[in-house]
């Protein structure tokens, strides 16, 4: 029999979803459910394309504005800092007014600021536009994850969580392809034009897709009661206060959890040219790789990320969210030696694949873990703000690793000459080991509401929405098939 410690991490038998149940659930999905999930995934993918548009063109931007690379990366820092503001603004709008139009507006703002970036003439203009873009970007994750997951059957939410989260890796790969093709021929502005076009397309798609069923139900009931917009806003503010009073400790825990996760991803990240992720720098500086080989290695790592997130997301539906996260973190820790010790391209690329498999496998569980952990009526605000605050805190990872590498040296042989270089390998191994231990501990002590039926909860603008037990009557639920039938009609 498994130790009690392990049994406490595994969901009850009736909560588990074997592969057969997942297959049946997929077959029974309506087109509305497919479209709602797809629109959320596409929005998150656009977020990644937009963000990496800067990090992939740092050298070109440096030449354009006659600035040092460190000055250009200030734009990325501003984007990260302002993301928390966007998470609060758009999260509140989504929990108050619904998933559809706040996400549409969010995507359109991203599109506008992408176009603005493409047309700036001076460096101060560039910084200002990217800071504003950070506000718009900050709302995407909370809105896209809540929109994508709440409309799916419980059996599918683990798998969907993994697929959704890896939209970010897909976005990086798309941005890298644009950078290697269009940018190489037409200059740096074209990547922002292209990103704006893709984001505009995503906004149109979300505008066409129906609203979430739970918001349609809530709005119909409030309309029948004669509740005005002003009254609903007052109720929303009151229920928000009630939620914070009940769950302030949970809010702190979620920020700590996401701080650990963001340190884990930024400290190990295989995203080429991302300013706060030093993996490519490590390959070029410590291992003597060319820029081309470092890029290929990071792409291989991203492939591992996509595979890990998808597989772990599904596994979490059966063995539990926290246990899946812990196993993924242990898996990545086991491959840290392969990630830093070899000197050959093949071995290091394999290390990158398996480490990112573990890192993004753990990340693949996060959308559904936060959604089930959240106060049910605030599943756009709570996860989004926790994620972005954790992201803001973890932006110090580059400085921590760079400082450590400046004080630790090693030697490599290049062209027959022994050269003293910064020892990024040792620094990253120690850093990721410490962060992995923290993530395991913070995950163990945290809550898990596996297979929570949060779609049956009252909306935040309904009386009692701030309580965890505010469940609507089954008879009053608007089902996904009813939404499908009404839309088809």
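Note: Cβ is positioned from N, Cα and C throughout, glycine not excepted.
The annotation domain 'Major facilitator superfamily (MFS) profile' is assigned in TrEMBL to 36-450.
Under the heading region 'Disordered', TrEMBL lists 464-489.
Per TrEMBL, the feature transmembrane segment maps to 41-61 (among others). Same-chain neighbours of the transmembrane segment (41-61): 67, 69, 72-73, 75-76, 79, 103, 106-107, 110, 114, 117, 126, 130, 133, 137, 140-141, 143-145, 147-148, 163-165, 167-172, 174-176, 178-179, 183, 187-188, 191-192, 195, 198-199, 202, 205-206, 271-275, counting only residues six or more beyond its ends whose CB sits under 8 Å from a CB of the stretch.
Residues annotated as transmembrane segment in TrEMBL: 73-94 (among others).
TrEMBL lists 100-120 (among others) with the feature transmembrane segment.
Positions annotated as transmembrane segment by TrEMBL: 127-143 (among others). Residues of the same chain lying 6 or more positions beyond the ends of the transmembrane segment (127-143) and with a Cβ under 8 Å from any Cβ of it are 40, 43-44, 46-47, 50-51, 54, 74-76, 78-91, 93-94, 99, 102-103, 106-107, 109-110, 113-114, 116-117, 120, 379-385, 387-388.
Sequence annotations record features per position, and here TrEMBL assigns transmembrane segment to 163-183 (among others).
Outside the transmembrane segment (190-209), and at least 6 residues removed from its termini, the chain residues within Cβ reach (under 8 Å) are 32, 35-36, 38-39, 42-43, 45-46, 49-50, 53, 56-57, 100-101, 103-104, 107-108, 110-112, 114-115, 117-118, 147, 174-175, 178-179, 182-183. Taken from TrEMBL, the feature transmembrane segment covers 190-209 (among others).
With a threshold of 8 Å between CB atoms, the same-chain residues lying at least 6 positions outside the transmembrane segment (247-264) that come near it are 329, 359, 362-363, 366, 370, 373-375, 382-383, 386-387, 389-391, 393-394, 397, 432, 435-436, 438-439, 442-443, 446-447. Residues annotated as transmembrane segment in TrEMBL: 247-264 (among others).
Summarising the annotation, TrEMBL assigns transmembrane segment to 323-341 (among others).
What TrEMBL lists as transmembrane segment is 425-446 (among others). Within the chain, the transmembrane segment (425-446) has long-range Cβ neighbours (under 8 A, six or more residues past its boundaries) at 9, 253, 256-257, 260-261, 263-264, 267-268, 278-279, 282, 286-287, 322, 325-326, 329-330, 332-333, 336-337, 339-341, 355, 362, 373, 397, 400-401, 404-405, 408, 410.
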Residue numbers, six or more beyond the limits of the transmembrane segment (100-120), whose CB comes under 8 Å of its CB atoms: 39-40, 43, 46-47, 50, 53-54, 86, 90, 93-94, 126, 129-130, 132-133, 135-137, 139-140, 143-144, 147, 189-190, 192-193, 195-196, 199-200, 202-203, 206-207, 209-212, 215, 380
Same-chain residue ranges lying at least 6 outside the transmembrane segment (163-183) that approach it to Cβ under 8 Å: 37, 40-42, 44-49, 51-53, 56-57, 60, 144-145, 148-149, 190-191, 194-195, 198, 271-272, 295, 299, 302, 305-306, 309-310, 313, 360, 363-364, 366-367
Overall pLDDT of the domain 'Major facilitator superfamily (MFS) profile' (36-450), taken as the mean: 88
